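Engineer: What TrEMBL shows for this protein is this:
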ACT_SITE  B:S189  active site, charge relay system
ACT_SITE  B:D266  active site, charge relay system
ACT_SITE  B:H300  active site, charge relay system
Amino acid sequence: MENEFVFSSDPAALDPATDPAASMMFPESNENEPEGLTFYHMDLYESKGRLEIFPEEPAGRGDGALGETSKESTGPGEDFGSSDQSAYDLEKEVDELTKLYGLDEDKEIDQELLGGNIATAGILESKETPAHNEGVAAGSYGSIYNAPKSSSPVNGSQHKKHMESTEEQELPGKDSQDESQHLHNARAYDELHNHASSKEELRSDDRQDEQSIQPNSEEEAADIYCATCKIPIRAFDKLFGDHKDHEVTQLGNAVESAKEEIQKNMCKLEEQVTEMENFASHLEEIFITVEENFGRQEQNFETHYNEVMQTLTQRYEEKVEGLGEEKKQKLEALYGQLVSCGENLDTCKELMETIQELCKDKEKADFIKAAVPVVDRLGEFLKKDMDLELSALPDFEDRVIDFADVQQLMDSINTIAAPSAPVINPQAPNSATGTSVRVCWGLFSDDTVEFYQLYYKQVSDDTPSEEQAELMLKVKEAYCTVTNLVPNTQYEFWVSALNTAGVSPVSERAVYVTAPSPPIIKRKERRSCENAALVCWESGNMNPVDSYTVELSILTNGENGDIITESIVGIPNCEALIQLEPGQSYIISVRAVNMGGPSERSEPVSIHTTGTYFYLNEDTAHPLLSVLEDGLTIACSEIENLECDLSFRDNGFTRCIAILGSMIPFQGKHYWEVEVDENMEYRVGVAFENTHRHGYLGANSSSWCMRHIVTPARHKYEFLHSGTTPDIRITIPPKRIGILLDYDNWKLSFFNLDIAQHLYTFNSHFQHYVHPCFALEKPGFLRIRNGIAMPASITLL
Amino acid sequence: MLRPALVFPPRFRLLRHRGPPAPEVPYFCIKIERSQPAEIMALKQISSNKCFEGFQKVFEHDSIELKCKMRFGIYLPPKAEIGKCPVLYWLSGLTCTEQNFITKSGFHQAAAEHGLIVVAPDTSPRGCNIEGEDESWDFGTGAGFYVDATEEPWKTNYRMYSYIKDELPKLIKANFPADSERMSIFGHSMGGHGALILALKNPGKYKSVSAFAPICNPVQCPWGKKAFGGYLGSDLTKWEAYDATHLVKSYPDSHLDILIDQGKDDQFLSAGQLLPDNFIAACTERKIPVVFRLQQGYDHSYFFIATFVNDHIRHHAKYLNA
């Protein structure tokens, strides 16, 4: 690096050696030398531009090169091969140098370096070729043309990205200068009419620390790179100069590998930058958090210390007051005692004086007379107990001042208060799945919380709530996704917050509900017509759900089943009549929805809106009539009289060996076909859903049917309604009967499909929706075909 | 999408710009006189009445086949003003003229809806001054029986079969916007017989055929015996060539959908003039598709026809408009 830097800072020495084309570039670079970056840019654009130009170049040349070029595939490997080949041709004509280092090795390294290197190689060759070998020119151009075509976009962008990142990161000028030096060299090299092979190279991986300064005063510019000395040298030097035994590599290759290494480092730097940026933003967050937390703590201290001070003041005042009271009491007591003491003293003195006075009296009688009361009085006085005890002690009681509460307050300054009860949120819509709910809660205050305890239990009507197991989760955040729950079930949640100081009271209880299980579409019971489909499903849930959503997607060309083209929401029941477009295929699925959200999609069913599709309602079937596996063939194996034991059947036909189909309740036209044996006896037609189960089809006003019986004379066809039939003879017994129910025109028509013959039309204003009905009057079978388009031959009627 | 403006056929456009034509000289006439030699077919309009947005007209012309003036009724549905329409021929029964069907059956609405031209010719040549032609109602005038007579004195004029089969369609095609590829035929009683034999003798010519109370087996019934004896002589094989029940037996298995309505209280049914059972039996045997409807309480009148004429028009429209 050092070495190169020195070299690049002194290109003046190199310039005179270059040819005019090269030197045209250099004055500018000389002038801009101190501003390595500027120079760098120039070079960048130049080289990039050159790479872009190349693919267009052959278009201008009309020679054979074009043809050859276009034939070649543009895979990098092959491109390399061809460029290698052309290089080989050249090498034959130039020095022995090439042979010294061998092509195989060359190839390996080139492949390692892939596109970038190839591009450079190509460029180099293009410069050489015209000067030396016209014959090789074609091949050479071809390879040149190809190599950039495949590799230049990568190469160019790499360069560009590389450069930009270098610039952005404002790396030290030395680095960019260093980089520029590589390019600079490459460019210089390009411009040279170098006889040496472009494929010359030396391994650059085992660089040595030895440094030797390239002599700059040579006439020729450096063209190869001495890996040992890490300086560019002239090929001549390799042979005869100081670098004779050194390992050399092609200068271009050296440049490329150096670039690559730098680029690798760049990437690392970029990664580091990203990392640092992330760390910085993390630090910022922490900074803010610390600020907030300490602010909070300051407030906390302030309030708590204030509290303590107040308590102390109060305590002081209380004490002082108490002391005063006591002092007063004691003084009063002492004073009282003093007063009574003085009184007694006075009494004593008076008594003494009285006695002394008495003793002075000489008269005996008077004396006695006077002495008696005095003696009594004295005796009385002396009888009184002299109270000489202190009524109050002079010293005050040694009262213990209780600082426990203060202590507690003091303690609480450093510990945090236990949090208050959290507030649990009501369930957010669509936040649940079948087995999980997302529970959220919050705190009113800024309580510090270490974690929450989330309790929950299933709410059930069946088992008393006490018996339900209570479960508890420890949660750090103020939300939790509780899993492993039962679908479409209510759960009660409550939460308490914890920190080192203790546990908060529990929150209110909130009821959350899990999303339902997906419904199960009754696949067999789907019905459709040209313009609508009726889909029924089972809830799939024990508890009721709020509603159902039907999702349908139109099938085009057999694909696209995943794109939901329409959703029908808020369906309260387990069935939906969906309007559709005729002649399409749809995929329909259902979701159950409750407060918690929608269930998974049900298994889908496909609906084809071609013709009318109905199914046979086997509940209505006469016991002798069976529906075969295809669901649309009815058979009867023997006729016997079962009437007696059929009374318990509430929905099945008991007399007529018949069955009802379930058709979509939809206006418009409905068409289906019946295939029968010519000699089969049957009734086919339509009936109201509640048609008499104990009567025969066509014998009442709730059914319309075509009946076929075989009489000895002929096939007899009846078109029965309310037990009457027009007298109609049909010369060809139909084998395929088309039945067209047309609600719009109040018609029910029968056709012999084989000959497109109209047989009969009932004109009847159907007051309710009717259903297809089929009956057999002798052993045999009858096949129903539905979901088919109406044949054109009968559409006119 | 842009729909191209409707382009009227030039003659209609011309007519409109020319102003009202002289009533007695219909534009058809003018056209014919220009396009075809006048000596072949000259149509004279007898009447024209607007009906269900179309026109019920009656024309008279000199028939080459019958060598007399013949009239026919023609209903032109509104659709005929913008393009060619299929033609449905109606053959009336004994004693009828071209007027009965067009005045009594009430077929116009259905024909207008389905866009059918309905042509109702007369039932026999008239005014030919053949001895005995007006003697009875079931022979001679009004009782042509749709045969080509071979016996004197009838064979010159009484060629109703050829008239209906060839001359009339040619005339219609030349003068009206008729699609000659699409035609059907139906009729009543003797006309029903005519319709059946024309259809059965010319497989593929008529797209469909239907009949009200047709004389199904004239060889076996009094009317047929009288008429055939008179027109065709005593050779029964000649008779059978005009007998529907016999014709069915040799009818090639080509597609023909036959609809027959028969009043159950028809006095001629019980009199053994119509004999539908024979025809049905033959059709059943030969697998010719027939829907035969025996209508409870109906007689042989036009009231019966009017009741079911829409079904028949629809039956034909199904094939003619397919």
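The count begins at 1 with the first shown residue.
Placement of Cβ uses the backbone N, Cα and C atoms for every residue, glycine included.
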Engineer: If one measures from the C-alpha of B:S189 (active site, charge relay system) to the C-alpha of B:D266 (active site, charge relay system), what distance in angstrom results, rounded to a whole number?
Structural biologist: 11
Engineer: So for B:D266 (active site, charge relay system), how many other CB atoms are inside 10 Å of its CB?
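Structural biologist: 22, counting other Cβ atoms within 10 Å of B:D266 (active site, charge relay system).
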Engineer: Provide the number of Cβ atoms within 10 Å of the Cβ of B:S189 (active site, charge relay system), excluding the reference atom itself.
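Structural biologist: There are 26 such Cβ atoms around B:S189 (active site, charge relay system).
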Engineer: Non-local Cβ contacts of B:H300 (active site, charge relay system) (under 8 Å, 6 or more apart, same chain)?
Structural biologist: B:S189, B:A213, B:G263, B:D266, B:Q267, B:F268, B:L269
